[in-house]
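Engineer: Sharing a structure with you now.
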Amino acid sequence: MVMDGFFKEGEVSKACDLFHEMIQQGVVPTEVTYSSIINALCKARAMDKAELILRHMVHSGVQPHDRIYNTLIHGFLTSGQQKEAFRLLKLMTSQGVMPNVVTCNSVMDYLCKHGRVKEAAEIFYSMVVKGQKPNVISYSVMLHGYAKEGSLVAMIDLCELMARDGVVPDRSFFNILIKAYAKYGMIDVAMLFFDEMLKQGVNPNDITYLTLISAFCKMGRMDDAMIKFNEMIDMGIPHDTTVYMCMIEGYLNHGDSVKAKEFITKMKSRDVSHSPRKGN
């Protein structure tokens, strides 16, 4: 399809011109065509044009499905137009289209990132009431929101609800838990979640280990930090200079310059990358 070719090449304006030409020639776009052009316009942050296509879709008698609304709502949120996103959410429900889990996750994520955790929680629990099962992303979004607030009790309640609902936690979920408890000086609780992570067959990554090592170093528990460092190396987990610098600063801050120098030598001899990795 020519329009798909324009989308793949990033020629959104040409795709729009072709779309309007189709309309003028009496060609009725399919739901797939509407979905494709709305998705492309949202990616290009052309939100006004994307909503115009939605209106044309409704006017033409083609009922937008929940995924199209989610694309638009997510687009408005990521482009900083939260009022438009929530207006569209109301419009969606008024037309009998219930937001799916993906839509709810997008809205909850925005709310949590802007300190509106209570509102996010209302959406989360309304999903349960309406028979929509929150997924691991839903739980992770709420967990991260509670973690930023320091609401550790709410985090535990969420974990218990997740277990009852049979939702399996992933690495990102465990990393949020571990980081939160480590941040608030409860490293032994963080280690319990680390052990549970391994027990459930979820593999830790460099972020998991850096979180634990950093917490141990700040508390002066350098032997524990060293155990985790060696464990990370033995498991072959990719890492950069950040974890070495963490160990070096830990030894220096607690008066062991000899060990600090050993780590500097070790870091140089292993030619460790300086570029931090991205991930959860």
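Positions of Cβ are set from backbone N, Cα and C atoms, glycine also.
Annotations per TrEMBL:
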- 1-29: repeat 'PPR' (REPEAT)
- 30-64: repeat 'PPR' (REPEAT)
- 65-99: repeat 'PPR' (REPEAT)
- 100-134: repeat 'PPR' (REPEAT)
- 135-169: repeat 'PPR' (REPEAT)
- 170-204: repeat 'PPR' (REPEAT)
- 205-239: repeat 'PPR' (REPEAT)
- 240-274: repeat 'PPR' (REPEAT)
Engineer: Kindly state the mean pLDDT of the repeat 'PPR' (65-99) in the predicted structure.
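Structural biologist: Taking every residue in the repeat 'PPR' (65-99) and averaging pLDDT yields 89.
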Engineer: Counting only residues 6+ away from its ends, which parts of the chain sit with a Cβ under 8 Å from the repeat 'PPR' (205-239)?
Structural biologist: 171, 174-175, 178-179, 182-183, 185, 187, 190-191, 194, 197, 246-247, 249-251, 253-254, 256, 259, 272, 277, 279-280
Engineer: Summarise the repeat 'PPR' (100-134) as counts of helix, strand and coil residues per DSSP.
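Structural biologist: Summed by class, the stretch gives 26 helix, 0 strand, 9 coil.
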